[in-house]
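> For reference, the structure I am asking about is given below.
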């Protein structure tokens, strides 16, 4: 299985109320995939949000990366993704953080560790068949 790598630039950044909608399918042999909200275009940009469904360990990990160092991991409850199934994830910018909604259910509200106004791109990668990334 070949890994996906897709980046959507956000030259205006994100603001309160910005919604990012990611749609795709989890392949049958999927291990992990990620959605990163990056604070730049460069390879080692800080990540205001690292959203990382890990089907191989049945968990979803949230984190940030600042100056090349990962922060403290947070985990959601259960894994709302299934191999071979389509999914829709909404990441909504709120005053407190990034609210993730998977399907119709709020999953986890990840509190800001750096200003959301620093976000300049959305990166999706790993074991995923990406259908679309839309910004509202």
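Even glycines carry a Cβ here, placed using N, Cα and C.
What Swiss-Prot shows for this protein is this:
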type	residues	note
BINDING	70, 71, 72, 73, 74, 75, 76	beta-D-galactoside binding site
DOMAIN	6-136	domain 'Galectin'
> Mean pLDDT across the domain 'Galectin' (6-136), rounded to an integer, is what?
96
> Looking at the binding-site residues 71, 76, which sits with the largest number of other Cβ atoms within 10 Å of its Cβ?
76
> Please list, in sequence order, the residues in the chain of residue 72 (beta-D-galactoside binding site) that are at least six apart in sequence and whose C-beta is under 8 Å away from its C-beta.
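The list for residue 72 (beta-D-galactoside binding site) reads 63, given in order along the sequence.
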> Within 10 Å of the Cβ of residue 70 (beta-D-galactoside binding site), how many other Cβ atoms can you find? Include all protein chains, please.
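Other Cβ atoms found within 10 Å: 12.
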> For residue 72 (beta-D-galactoside binding site), what is the secondary structure state per DSSP, taken as helix, strand or coil?
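Where residue 72 (beta-D-galactoside binding site) sits, the three-state DSSP reduction gives coil.
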> What is the Cβ neighbour count of residue 74 (beta-D-galactoside binding site) at a 10 Å cut-off, with all protein chains included?
13
> Within 10 Å of the Cβ of residue 75 (beta-D-galactoside binding site), how many other Cβ atoms can be counted across all chains shown?
14
> Do any residues at least six apart in sequence from residue 73 (beta-D-galactoside binding site), in the same chain, have a Cβ closer than 8 Å to its Cβ, and if so which, in order?
61, 62, 63
